[in-house]
Amino acid sequence: MDNTMWVTNNTGWSDFILVGLFSQSKHPALLCVVIFVVFLMTLFGNTILILLIYSDAHLNTPMYFFISQLSLMDMMYISVTVPKMLMDQVMGVNKISAPECGAQMFLYLTLVGSEFFLLAAMAYDRYVAICHPLHYPILMNHRVCLLLVSGCWFLGSVDGFMLTPVTMTFPFCRSQEIHHFFCEVPALMKLSCSDTSLYETLMYLCCVLMLLIPVIVISSSYSFILLTIYKMNSAEGRKKAFTTCSSHMTVVILFYGAAVYTYMLPSSYHTPEKDMIVSVFYTILTPVLNPIIYSLRNKDVTGALKKMLNVESVFQETIK
(Lines of atoms letter the chains of each structure in order from A and count residues from 1; the text may use other names and numbers.)
(Lines give C-alpha, C1' and ligand atoms only; values in the text may rest on other atoms or scores of the structure.)
Protein backbone atom coordinates (compact mmCIF):
# COMPACT_ATOMS: atom_id res chain seq x y z
CA MET A 1 0.00 0.00 0.00
CA ASP A 2 1.18 3.55 -0.79
CA ASN A 3 2.62 5.23 2.35
CA THR A 4 0.73 8.47 1.73
CA MET A 5 -2.55 6.61 1.44
CA TRP A 6 -1.81 4.66 4.65
CA VAL A 7 -1.09 7.86 6.60
CA THR A 8 -4.25 9.50 5.24
CA ASN A 9 -6.40 6.54 6.16
CA ASN A 10 -4.94 6.05 9.62
CA THR A 11 -4.87 9.64 10.85
CA GLY A 12 -8.44 10.47 9.88
CA TRP A 13 -7.34 13.76 8.24
CA SER A 14 -8.89 12.97 4.88
CA ASP A 15 -12.30 14.17 3.77
CA PHE A 16 -15.35 12.33 5.04
CA ILE A 17 -18.45 11.75 2.94
CA LEU A 18 -21.80 12.54 4.57
CA VAL A 19 -24.41 10.04 3.37
CA GLY A 20 -27.35 12.14 4.53
CA LEU A 21 -31.11 12.34 4.45
CA PHE A 22 -31.39 13.15 0.77
CA SER A 23 -29.80 9.89 -0.34
CA GLN A 24 -32.60 8.04 1.49
CA SER A 25 -35.41 10.11 -0.04
CA LYS A 26 -37.35 9.41 -3.25
CA HIS A 27 -37.93 13.16 -3.65
CA PRO A 28 -34.70 14.86 -2.49
CA ALA A 29 -35.54 18.23 -4.09
CA LEU A 30 -38.87 18.43 -2.25
CA LEU A 31 -37.25 17.35 1.02
CA CYS A 32 -34.56 20.00 0.53
CA VAL A 33 -37.21 22.72 0.10
CA VAL A 34 -39.14 21.52 3.18
CA ILE A 35 -36.01 21.53 5.37
CA PHE A 36 -35.04 24.97 4.05
CA VAL A 37 -38.49 26.34 4.95
CA VAL A 38 -38.27 24.76 8.42
CA PHE A 39 -34.81 26.30 8.86
CA LEU A 40 -36.10 29.78 7.96
CA MET A 41 -39.12 29.33 10.26
CA THR A 42 -36.77 28.35 13.10
CA LEU A 43 -34.57 31.41 12.65
CA PHE A 44 -37.55 33.74 12.26
CA GLY A 45 -39.60 32.29 15.13
CA ASN A 46 -36.76 32.19 17.65
CA THR A 47 -35.49 35.66 16.65
CA ILE A 48 -38.96 37.16 17.12
CA LEU A 49 -39.29 35.42 20.49
CA ILE A 50 -35.92 36.79 21.69
CA LEU A 51 -36.80 40.31 20.49
CA LEU A 52 -40.16 40.18 22.26
CA ILE A 53 -38.61 38.98 25.51
CA TYR A 54 -35.97 41.71 25.60
CA SER A 55 -38.23 44.53 24.35
CA ASP A 56 -41.34 43.97 26.47
CA ALA A 57 -41.05 44.85 30.17
CA HIS A 58 -43.70 42.27 31.12
CA LEU A 59 -41.47 39.51 29.77
CA ASN A 60 -38.37 40.53 31.73
CA THR A 61 -38.72 37.63 34.16
CA PRO A 62 -36.50 34.60 34.91
CA MET A 63 -38.79 32.23 33.00
CA TYR A 64 -38.57 34.25 29.78
CA PHE A 65 -34.86 34.83 30.28
CA PHE A 66 -34.40 31.05 30.20
CA ILE A 67 -36.70 30.77 27.17
CA SER A 68 -34.59 33.39 25.33
CA GLN A 69 -31.48 31.32 26.05
CA LEU A 70 -33.27 28.21 24.77
CA SER A 71 -34.15 30.07 21.56
CA LEU A 72 -30.54 31.19 21.16
CA MET A 73 -29.30 27.61 21.60
CA ASP A 74 -31.88 26.32 19.12
CA MET A 75 -30.88 28.85 16.46
CA MET A 76 -27.21 27.97 16.88
CA TYR A 77 -28.05 24.27 17.07
CA ILE A 78 -29.90 24.09 13.76
CA SER A 79 -27.33 26.38 12.10
CA VAL A 80 -24.53 23.91 12.91
CA THR A 81 -26.02 21.12 10.77
CA VAL A 82 -28.73 22.26 8.34
CA PRO A 83 -26.95 24.94 6.21
CA LYS A 84 -24.10 22.54 5.43
CA MET A 85 -26.57 19.79 4.53
CA LEU A 86 -28.60 22.09 2.24
CA MET A 87 -25.51 23.56 0.53
CA ASP A 88 -24.16 20.07 -0.15
CA GLN A 89 -27.45 19.06 -1.76
CA VAL A 90 -27.66 22.19 -3.92
CA MET A 91 -24.00 22.06 -5.02
CA GLY A 92 -23.89 18.29 -5.40
CA VAL A 93 -21.03 17.93 -2.89
CA ASN A 94 -21.29 15.85 0.26
CA LYS A 95 -17.73 15.99 1.57
CA ILE A 96 -16.60 17.42 4.90
CA SER A 97 -12.97 17.78 5.97
CA ALA A 98 -11.77 16.39 9.30
CA PRO A 99 -11.26 19.87 10.88
CA GLU A 100 -14.76 20.91 9.75
CA CYS A 101 -16.13 17.64 11.10
CA GLY A 102 -14.40 18.21 14.45
CA ALA A 103 -15.69 21.79 14.67
CA GLN A 104 -19.23 20.69 13.85
CA MET A 105 -19.03 17.91 16.42
CA PHE A 106 -17.74 20.24 19.14
CA LEU A 107 -20.46 22.84 18.54
CA TYR A 108 -23.16 20.18 18.38
CA LEU A 109 -22.04 18.49 21.62
CA THR A 110 -21.67 21.82 23.42
CA LEU A 111 -25.12 23.02 22.41
CA VAL A 112 -26.93 19.74 23.10
CA GLY A 113 -25.20 19.43 26.48
CA SER A 114 -26.05 23.04 27.36
CA GLU A 115 -29.68 22.48 26.44
CA PHE A 116 -29.88 19.39 28.66
CA PHE A 117 -28.94 21.47 31.68
CA LEU A 118 -30.95 24.53 30.62
CA LEU A 119 -34.15 22.47 30.54
CA ALA A 120 -33.34 21.34 34.09
CA ALA A 121 -32.81 24.98 35.16
CA MET A 122 -36.17 25.88 33.59
CA ALA A 123 -37.86 23.09 35.53
CA TYR A 124 -36.29 24.33 38.78
CA ASP A 125 -37.49 27.87 37.95
CA ARG A 126 -41.07 26.64 37.54
CA TYR A 127 -40.78 24.66 40.79
CA VAL A 128 -39.76 27.76 42.75
CA ALA A 129 -42.39 29.94 41.03
CA ILE A 130 -45.28 27.55 41.74
CA CYS A 131 -44.24 25.89 45.00
CA HIS A 132 -42.51 28.86 46.68
CA PRO A 133 -44.03 31.98 45.10
CA LEU A 134 -43.27 34.27 48.07
CA HIS A 135 -39.56 33.42 47.96
CA TYR A 136 -39.36 33.48 44.14
CA PRO A 137 -37.89 37.02 43.78
CA ILE A 138 -35.09 36.09 46.20
CA LEU A 139 -34.35 32.53 45.05
CA MET A 140 -34.48 33.42 41.33
CA ASN A 141 -32.95 36.89 41.25
CA HIS A 142 -30.99 38.19 38.25
CA ARG A 143 -27.64 37.02 39.61
CA VAL A 144 -28.89 33.47 40.25
CA CYS A 145 -30.35 33.29 36.71
CA LEU A 146 -27.06 34.43 35.18
CA LEU A 147 -25.14 31.85 37.24
CA LEU A 148 -27.50 29.05 36.20
CA VAL A 149 -27.30 29.93 32.51
CA SER A 150 -23.51 30.33 32.67
CA GLY A 151 -23.28 26.94 34.36
CA CYS A 152 -25.38 25.37 31.57
CA TRP A 153 -23.08 26.77 28.86
CA PHE A 154 -19.97 25.73 30.81
CA LEU A 155 -21.14 22.13 31.38
CA GLY A 156 -22.13 21.84 27.72
CA SER A 157 -18.69 23.03 26.60
CA VAL A 158 -17.06 20.49 28.94
CA ASP A 159 -18.96 17.77 27.07
CA GLY A 160 -17.68 19.15 23.76
CA PHE A 161 -14.08 19.48 24.96
CA MET A 162 -14.10 15.94 26.42
CA LEU A 163 -15.57 13.98 23.52
CA THR A 164 -14.45 15.83 20.39
CA PRO A 165 -10.63 15.56 20.70
CA VAL A 166 -10.77 11.89 21.68
CA THR A 167 -13.18 10.98 18.87
CA MET A 168 -11.15 12.80 16.21
CA THR A 169 -7.84 11.17 17.25
CA PHE A 170 -9.07 7.64 16.49
CA PRO A 171 -7.68 6.16 13.25
CA PHE A 172 -10.29 5.94 10.50
CA CYS A 173 -9.13 3.32 8.04
CA ARG A 174 -12.47 1.95 6.96
CA SER A 175 -14.92 3.58 4.57
CA GLN A 176 -14.95 7.39 4.74
CA GLU A 177 -18.74 7.40 4.41
CA ILE A 178 -20.52 8.71 7.51
CA HIS A 179 -24.06 7.36 7.40
CA HIS A 180 -25.56 10.53 8.82
CA PHE A 181 -26.27 14.12 7.77
CA PHE A 182 -23.72 15.56 10.22
CA CYS A 183 -20.68 14.44 12.21
CA GLU A 184 -22.36 12.71 15.11
CA VAL A 185 -20.07 10.76 17.44
CA PRO A 186 -21.72 7.27 17.19
CA ALA A 187 -21.85 7.46 13.38
CA LEU A 188 -18.18 8.48 13.19
CA MET A 189 -17.01 5.79 15.61
CA LYS A 190 -18.31 3.10 13.24
CA LEU A 191 -15.55 4.12 10.79
CA SER A 192 -12.69 3.53 13.21
CA CYS A 193 -10.51 0.49 12.65
CA SER A 194 -9.29 0.38 16.27
CA ASP A 195 -11.06 -1.03 19.32
CA THR A 196 -13.38 1.72 20.57
CA SER A 197 -15.29 -0.36 23.14
CA LEU A 198 -13.62 1.28 26.18
CA TYR A 199 -14.21 4.77 24.80
CA GLU A 200 -17.81 3.94 23.95
CA THR A 201 -18.34 2.69 27.52
CA LEU A 202 -16.85 5.89 28.96
CA MET A 203 -18.93 7.97 26.54
CA TYR A 204 -22.03 6.05 27.61
CA LEU A 205 -21.30 6.76 31.29
CA CYS A 206 -20.67 10.42 30.48
CA CYS A 207 -23.97 10.66 28.62
CA VAL A 208 -25.78 8.90 31.46
CA LEU A 209 -24.52 11.58 33.85
CA MET A 210 -25.34 14.35 31.37
CA LEU A 211 -28.87 13.01 31.10
CA LEU A 212 -29.36 11.61 34.60
CA ILE A 213 -28.65 14.81 36.55
CA PRO A 214 -31.08 16.98 34.52
CA VAL A 215 -33.71 14.20 34.49
CA ILE A 216 -33.56 13.93 38.30
CA VAL A 217 -33.93 17.71 38.65
CA ILE A 218 -36.80 17.81 36.13
CA SER A 219 -38.62 14.78 37.61
CA SER A 220 -38.30 16.09 41.17
CA SER A 221 -39.40 19.59 40.18
CA TYR A 222 -42.49 18.44 38.33
CA SER A 223 -43.44 15.93 41.01
CA PHE A 224 -43.61 18.77 43.55
CA ILE A 225 -45.33 21.03 41.00
CA LEU A 226 -48.07 18.46 40.31
CA LEU A 227 -48.69 18.06 44.04
CA THR A 228 -48.93 21.83 44.45
CA ILE A 229 -51.25 22.21 41.45
CA TYR A 230 -53.48 19.46 42.83
CA LYS A 231 -53.81 21.33 46.13
CA MET A 232 -54.63 24.69 44.50
CA ASN A 233 -58.09 26.08 45.30
CA SER A 234 -58.16 28.40 42.30
CA ALA A 235 -59.21 26.69 39.07
CA GLU A 236 -57.73 29.56 37.03
CA GLY A 237 -54.39 29.30 38.84
CA ARG A 238 -54.38 25.54 38.39
CA LYS A 239 -55.06 25.91 34.67
CA LYS A 240 -52.34 28.56 34.20
CA ALA A 241 -49.74 26.50 36.07
CA PHE A 242 -50.62 23.33 34.19
CA THR A 243 -50.48 25.12 30.79
CA THR A 244 -47.03 26.55 31.52
CA CYS A 245 -45.65 23.21 32.70
CA SER A 246 -47.21 21.14 29.91
CA SER A 247 -45.46 23.35 27.33
CA HIS A 248 -42.13 22.72 29.01
CA MET A 249 -42.77 18.98 29.34
CA THR A 250 -43.55 18.70 25.61
CA VAL A 251 -40.10 20.07 24.79
CA VAL A 252 -38.43 17.89 27.45
CA ILE A 253 -40.02 14.65 26.21
CA LEU A 254 -39.11 15.32 22.56
CA PHE A 255 -35.53 16.36 23.31
CA TYR A 256 -34.63 13.82 25.99
CA GLY A 257 -36.45 10.95 24.28
CA ALA A 258 -34.37 11.39 21.12
CA ALA A 259 -31.16 11.75 23.16
CA VAL A 260 -31.85 8.58 25.17
CA TYR A 261 -32.37 6.62 21.95
CA THR A 262 -29.18 7.98 20.37
CA TYR A 263 -26.75 7.63 23.26
CA MET A 264 -28.17 5.10 25.73
CA LEU A 265 -29.79 2.27 23.76
CA PRO A 266 -27.54 -0.65 22.69
CA SER A 267 -26.19 -0.64 19.14
CA SER A 268 -28.47 -3.57 18.24
CA TYR A 269 -31.42 -1.15 18.32
CA HIS A 270 -29.73 1.23 15.87
CA THR A 271 -29.70 1.43 12.11
CA PRO A 272 -28.37 4.38 10.07
CA GLU A 273 -31.89 5.14 8.82
CA LYS A 274 -33.42 5.13 12.33
CA ASP A 275 -30.55 7.23 13.70
CA MET A 276 -31.05 9.90 11.05
CA ILE A 277 -34.82 10.03 11.60
CA VAL A 278 -34.40 10.38 15.37
CA SER A 279 -31.72 13.05 14.87
CA VAL A 280 -34.17 15.03 12.75
CA PHE A 281 -36.42 15.32 15.82
CA TYR A 282 -33.90 17.05 18.05
CA THR A 283 -31.80 18.90 15.45
CA ILE A 284 -34.53 20.18 13.12
CA LEU A 285 -38.04 19.70 14.54
CA THR A 286 -37.47 20.67 18.20
CA PRO A 287 -35.87 24.06 17.37
CA VAL A 288 -38.84 25.02 15.16
CA LEU A 289 -41.42 23.74 17.68
CA ASN A 290 -40.02 25.61 20.70
CA PRO A 291 -41.11 29.13 19.68
CA ILE A 292 -44.53 27.77 18.63
CA ILE A 293 -45.00 25.93 21.91
CA TYR A 294 -43.87 28.87 24.05
CA SER A 295 -45.71 31.58 22.09
CA LEU A 296 -49.03 30.22 20.84
CA ARG A 297 -49.83 28.73 24.26
CA ASN A 298 -48.73 31.79 26.20
CA LYS A 299 -50.95 34.86 26.60
CA ASP A 300 -48.06 37.10 27.70
CA VAL A 301 -46.06 36.37 24.54
CA THR A 302 -49.05 36.69 22.20
CA GLY A 303 -49.96 39.96 23.95
CA ALA A 304 -46.43 41.32 23.46
CA LEU A 305 -46.52 40.26 19.79
CA LYS A 306 -49.84 42.05 19.21
CA LYS A 307 -48.43 45.15 20.91
CA MET A 308 -45.34 45.05 18.66
CA LEU A 309 -47.49 44.63 15.52
CA ASN A 310 -49.75 47.51 16.58
CA VAL A 311 -46.73 49.77 17.14
CA GLU A 312 -45.35 48.87 13.71
CA SER A 313 -48.70 49.54 11.99
CA VAL A 314 -49.03 52.92 13.72
CA PHE A 315 -45.45 53.78 12.73
CA GLN A 316 -46.13 52.87 9.08
CA GLU A 317 -49.31 54.98 9.04
CA THR A 318 -47.38 57.93 10.51
CA ILE A 319 -44.79 57.66 7.73
CA LYS A 320 -47.51 57.63 5.08
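Just so you know, glycine gets a Cβ as well, placed from its N, Cα and C.
For 28-52, 64-86, 106-124, 144-163, 202-229, 241-264, 276-296, the entry in TrEMBL reads transmembrane segment. If you look up TrEMBL, you'll see 45-294 marked as domain 'G-protein coupled receptors family 1 profile'.
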Seg_contact(the transmembrane segment (144-163), the transmembrane segment (64-86)) with at least 3 CB pairs under 8 angstroms, min sep 6: yes
Same-chain residues near the transmembrane segment (64-86), Cβ under 8 Å, at least 6 residues beyond its ends: 18, 20-22, 32, 35-36, 39, 42-43, 46-47, 49-50, 53-54, 96, 104, 107-108, 111-112, 114-115, 118-119, 121-122, 125, 145, 148-149, 152, 181-182, 251, 283-284, 286-288, 290-291, 294, 300
